[in-house]
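Asker: In case it helps, Swiss-Prot gives these features for our protein:
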- 363: active site, proton acceptor (ACT_SITE)
- 11-14, 25, 76, 81-82, 103-105, 140, 154, 169, 227, 333, 351, 366, 377: UDP-N-acetyl-alpha-D-glucosamine binding site (BINDING)
- 105, 227: Mg(2+) binding site (BINDING)
- 380, 386, 387, 405, 423, 440: acetyl-CoA binding site (BINDING)
- 1-229: region 'Pyrophosphorylase' (REGION)
- 230-250: region 'Linker' (REGION)
- 251-456: region 'N-acetyltransferase' (REGION)
């Protein structure tokens, strides 16, 4: 069906006392992203014309964390209930648009469910998201007459008879902007909490003869809110389980789905294998037949076909061509690039460095601000000395160079094609093509040398 224009209100003013944190509750993360950002993303994906974020506690922290230009910041100086929060946003509502109300601490609400709610909203009426619970204690009950929704009664205001009702309000609803403003203006705080409840607009709409249509979410987890860290951790597991299931069904081999975390977006080829305790962050692309060992962290990186990443390796903002091998215990920092068939071994760190085709850095090496050609051997203990305490400088190593162990290359410096650097050399000047560079002092030997002895 053709939908009206729509804006979204996200309630995010709560302090989150039960989180025992200085951080606003809605900024606590689920799958590496603030809870409220999940909700903002859903609103934007729905095509919201405007997103009104109602905030209170920790407003400065929220504004620092959320950089969405589509956000309209609405202050709720006093937290006097959900109806009061909506009243603060009401001046921004257009009469001819629909208003969808969401919550910053309900992070798993799906776009699919919200679209069904939007489609189900009757002309001039309200679309309401409800669920049935075996134990509805603490939640507002949905009242009906002849099957039609007539209102919502909060648990504290409900009679014993009403408390037997299992259908409860999730708090998520959609209505026309002009109607919403009119109903909000009629709210009172005549209840056990002394607050203005948004739920009271259901009864007001019913009294006007407006239709209220209830829609159920696909999964209960979509409407579960977070009030403490235990609830947040449970939703994290729900989310991760869902992501792992999708990946398994798409052909990714997760050795143990319960020990895999996706904190972003994973694009993958065929026959990808991921071992236990792997974390994927940001936007990651894995080519065909990629293998990732246990304990690895991959963030914002592209991994080419047939690459193998051994256990406990960290890869961030890096780009690997096909058939590269990394680790174990390697670290690729932002700007690291490996060309086809390159190898980075254990305890090797790269940053803003390119390792050419078939080149190898096997162990105990730092390569920073470096361009390394094809078929280069970097010996154990090699360091590109790229920083003088104020500025960074580049090291350039040509094709077919052999760098011996325990070499220091003091940038800026260039090593020509086919050159050899002897073990233990400190390179401070450019090395020509096919030359041997050696800076060790001649070895001397003193016969019968006696080591110093500590005085007692």
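Quick reminder: no glycine exception, Cβ is built from N, Cα and C everywhere.
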Asker: Which is it, of 227, 386: the one of these binding-site residues whose Cβ has the most other Cβ atoms within 10 Å?
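Answerer: Result of the Cβ crowding comparison: 386.
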Asker: When you measure from the Cβ of residue 81 (UDP-N-acetyl-alpha-D-glucosamine binding site), how many other Cβ atoms are you left with inside 10 Å?
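Answerer: So the Cβ neighbour count for residue 81 (UDP-N-acetyl-alpha-D-glucosamine binding site) comes to 21.
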Asker: Pop the Cα-Cα gap between residue 380 (acetyl-CoA binding site) and residue 11 (UDP-N-acetyl-alpha-D-glucosamine binding site) into the table, whole Å please.
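Answerer: One finds 56 Å between the Cα atoms of these residues.
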Asker: Counting Cβ neighbours within 10 Å across all chains shown, tell me which of the binding-site residues 14, 104 comes out on top.
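Answerer: The most densely surrounded of these binding-site residues is 104.
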Asker: Record lists 380, 386, 387, 405, 423, 440 as binding acetyl-CoA; longest Cα-Cα distance in Å?
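Answerer: Taking every pair of listed residues, the largest Cα separation comes to 23 Å.
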Asker: Is it possible to list how many residues within the region 'Linker' (230-250) are helical, extended or coil according to DSSP?
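Answerer: Secondary-structure composition of the region 'Linker' (230-250): 20 helix, 0 strand, 1 coil.
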Asker: What is the one among the binding-site residues 105, 154 whose Cβ has the most other Cβ atoms less than or equal to 10 Å away?
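Answerer: In terms of Cβ crowding, the pick is 105.
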Asker: Given the recorded positions 363, 440, which one has the fewest other C-beta atoms within 10 angstroms of its C-beta?
Answerer: 440
Asker: Taking Cα-Cα distance, which of the binding-site residues 380, 386, 387 are within 10 Å of the residue listed as 'active site, proton acceptor'?
Answerer: 380
Asker: Quick one: of the binding-site residues 14, 81, 105, 333, 377, which has its CA closest to the CA of residue 387 (acetyl-CoA binding site)?
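Answerer: Nearest candidate: 333.
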Asker: If I take the Cα of residue 377 (UDP-N-acetyl-alpha-D-glucosamine binding site) as reference, which of the binding-site residues 227, 386, 405, 440 has the closest Cα?
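Answerer: So, of the listed binding-site residues, the one sitting closest to residue 377 (UDP-N-acetyl-alpha-D-glucosamine binding site) is 405.
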Asker: Rounded to a whole angstrom, what is the C-alpha distance between residue 386 (acetyl-CoA binding site) and residue 333 (UDP-N-acetyl-alpha-D-glucosamine binding site)?
Answerer: 15
